[in-house]
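Trainee: Have a look at this one before I ask anything.
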């Protein structure tokens, strides 16, 4: 491949010169509309193509067009700015533009729109980008440069820092508006100065057939005929690299030979004669760029009896040998390689060396120069140090506070610090924390750096402080409004990030005044404002309610301001110092961004204070997605080269899309619940769909507990976390391309199939370190509610049953009640009124259990004594028992446990006793811990040392008791659960199984027991029917609920057909009515009307064009009405 000469005025740039057009005095560019056209060809990856500058210093107008790492970088700023990055716009276009091919650039600036085109008219890959700018005018009053500049340090926003090396075929700037039109042709205009003046006027052909050494041990042997008998060796080549050091060329045999190598700042030729070394060194210490910045370097060298010579570019060094070369010093073959990089035009003693089949090749690519500058726009985040070889890169994260420890895949993405003092305490319970400063990262992996903030752990919950610098700021009287932005340490963005993730915040404000007014002036003009974090002016002050337009004293009842007719002390305008102070406490509005005062005029004095920002708690920001077609839309996930999204979810369902962004046939990512134990990530970055599936093993993800999900990507990996599981693909973006997403980010939904949506709760959604306000967004979406849980808000669960929120329907958990049915309203009771009533259940085998649960309902029989055993658990060897009975109108739990006997007396939950009405009782014993609930009221747990052990040989459940000691009345819904170590819990329901289900009859013996109802059955509504979302966990499907998605799809199809038919019929009916009405209006009965007037008839849309008009004064014909 070669450079091709296209224009007679082409200019060859050698990397040592540039063109300059001075825009001072009469040549100033003041343009609303202009064009810039540049066409170039090069093999160098970096170099300045065009630059225009203004004299406004670091905040002035400029235009920069440059090659950086083989990509085209375009950067502009119109209008002077108070910040170096304000109004700055930049973009990167194309890749591998240093391919020796011709590339064209066209930039069109038309007022507030600037568009850049790359290779617009060529057959190469095209690209374009547009900016919308705040200002419209380009002002250039210093100079325009092509190919470089005298001093790169004086240029704003230039990344290449290198003179262009290659050919420029066209460089033309055209000012269009305001007129007259002006064209500057940099290659022809006599006002353009060339530095140096000897720069070649035409481009020269250059062979470009590079090869790549892809690893440190890459090499090939270059065979040079006649070299072994030669007295000298001379050679030349060009090379480029990003590796800090390496060997370029060598031939060493014993104590003789030479080696040509490089380091960051040096190229070195070492000649060894009889183990004696002579060094020639070309130093780049004072150059703008280092050797390993990826640019091509031209090297020549010569080794002879009379001299050693080394040249790199225009730098040259010569040495005289101290000893003569031996006769057999050179060999026929020498080795090229020993570094990662590229070579081109390797010539040894006028013979061309290329890697070929006979040259003993090792890891050499022949296809071209295939190295990449990864560090020019550093992929290392948070200030990590980027080092590279041209084939890969690594990030040094030491001292950054991110990605602690050595990790070859790290890009310094994940913070080592907690986000708030609250999370620091919660996630480090073993640490001894005192009131002092700690390293915190308010946006986790976001762009805000780690900062040492003060934590007050004496407060509950702990508070985090971001410091303000604005205390007792004196205000200078002015006729104009006085405004001041509030400064925070480390930044306003950090203060906003803290407030966004906190449950509540407060901030002290104070306005001191002498004659100056704060709130209201004459004619009720508002005088004082503060700007909230969302950019809205607020007119209420510290201590007052949000939106009250008042100060603290104006909020009291009665008004406590100095002048009770005013709302602030300072509005009294007195000639003595007063103040209005207090705390602002709106988390959504804090921190204070700016204050503005109009009431500090001549003859007044004032000062103000905006105190530190204090925040506490962690906002949950929870939303409930009640149907699968409910979702929240956010802006697409960006930037394309790295990002982190994390959230918590809980659901009873085993499917549902949690996150989706992109398009199915293009770049996308999707996080989806796959089944009851697994969640998966699938994505495509342009090289096919890849998947990561993580499983919790025996634990379910649809267990109604919170589970954490995180996805992240960077230039090295795409990763996924589920709770404590993690998977990643080392599928680096830099080997393919960036994650270029279209459309919005969908939370809990999939836009291409709404039936795949997630149903459940999501909280703590964090996108690139920014907490999303799901609670607020839920109010703007359909089928989404703020908070967690929606179905249980109006549930009909009876008898103290727990409502289970399945989010689009609720279920009633009857397991801790002695009732059954969907609403826990049905009884399975038995009568124990007879003196001999008793029911005994014996397990098939005895078991040593650490836990048992008892649930029972009971009602004393009419006129029966308020005593007796209700239920008793016993061991097969009679060594232990546990008994619930009525004694002295109270319940008593007696036991003979592993360490002795004891009892607990249980009072009724309210005034009264257990001798009337229906009562429910639930007890759970786990070793020595006992929990119990009476009539739905949970009592404090008790720890009983005599129970600390196993209930050995549990065998028998006895309900009631034969004889006088038994409970006489109605007992219902007995449920007993036992659990042995290493075994699953086992539940038996003796009354239901024996009397109602006719089950386990061989395990039950009973006397004088029959079915009975202990109390009236409550009225309940119809069973709610949910929309199907898939299989539910832990809950049986109630009768009447459809869960077959195929049936639902068929129903949806039928519904759609019916809707279409109905719409067509309605449309036909409307048309028919219009036709009938038109006919009726045209042919009404006999009557006179002004519509027959000549002027009105001319505008009647229903008059036939051929109908003759009546002459003025002629009696109009009467219309007739026909009855058929």
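The backbone N, Cα and C atoms fix where each Cβ goes, and this holds for glycine too.
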Trainee: Pick from 1035-1055, 1056-1076, 1077-1097: which range has transmembrane segment per Swiss-Prot?
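Mentor: Residues 1056-1076 are the ones Swiss-Prot records as transmembrane segment.
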Trainee: Under an 8 Å Cβ to Cβ limit, what residues of the same chain, 6 or more beyond the ends of the domain 'EGF-like 1' (371-413), are close to it?
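Mentor: 45-46, 68-70, 92, 159, 212, 214-215, 240-244, 293-294, 340-342, 439, 441, 445, 447, 449-450, 641-642, 644, 712, 714-717, 728, 730, 734.
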Trainee: Decide whether the stretches the domain 'Laminin G-like 2' (210-369) and the domain 'Laminin G-like 1' (8-203) have at least 3 CB pairs under 8 angstroms, with pairs required to be 6 or more apart in sequence.
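Mentor: Contact criterion met.
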Trainee: According to DSSP, which kind of secondary structure is residue 792 (disulfide bond) found in, if we only use helix, strand and coil?
Mentor: helix
Trainee: Only counting partners 6 or more residues apart, tell me which same-chain residues put their Cβ under 8 Å from the Cβ of residue 814 (disulfide bond).
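Mentor: Those within reach of residue 814 (disulfide bond), by Cβ under 8 Å and sequence separation of 6 or more, are 801, 820, 821, 824.
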Trainee: Would you find the one among the disulfide-bonded residues 375, 395, 803, 812 whose Cβ has the most company, meaning other Cβ atoms within 10 Å?
Mentor: 395
Trainee: Tell me the Cα distance separating residue 369 (disulfide bond) from residue 203 (disulfide bond), rounded to the nearest angstrom.
Mentor: 22
Trainee: Going by C-alpha positions, which of the disulfide-bonded residues (342, 375, 761, 803) is nearest residue 812 (disulfide bond)?
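Mentor: Comparing Cα positions, the closest of these disulfide-bonded residues turns out to be 803.
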Trainee: Which state, by DSSP, holds residue 397 (disulfide bond): helix, strand or coil?
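Mentor: Looking at the DSSP assignment, residue 397 (disulfide bond) belongs to neither helix nor strand, so coil.
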Trainee: Rounded to an integer, what is the Cα-Cα distance in Å between residue 342 (disulfide bond) and residue 788 (disulfide bond)?
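Mentor: On Cα coordinates alone, these residues lie 59 Å apart.
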Trainee: For residue 412 (disulfide bond), which of the listed disulfide-bonded residues (375, 761, 792, 803) have their CA atom within 10 A of its CA?
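Mentor: Checking each Cα against residue 412 (disulfide bond), there are no hits.
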Trainee: Given the disulfide-bonded residues 167, 369, 397, 761, 792, 803, which lie within 10 A of residue 375 (disulfide bond) by CA-CA distance?
Mentor: none
Trainee: Drop a 10 Å sphere on every Cβ of the disulfide-bonded residues 342, 380, 412, 792, 824 and tell me which sphere holds the fewest other Cβ atoms.
Mentor: 792
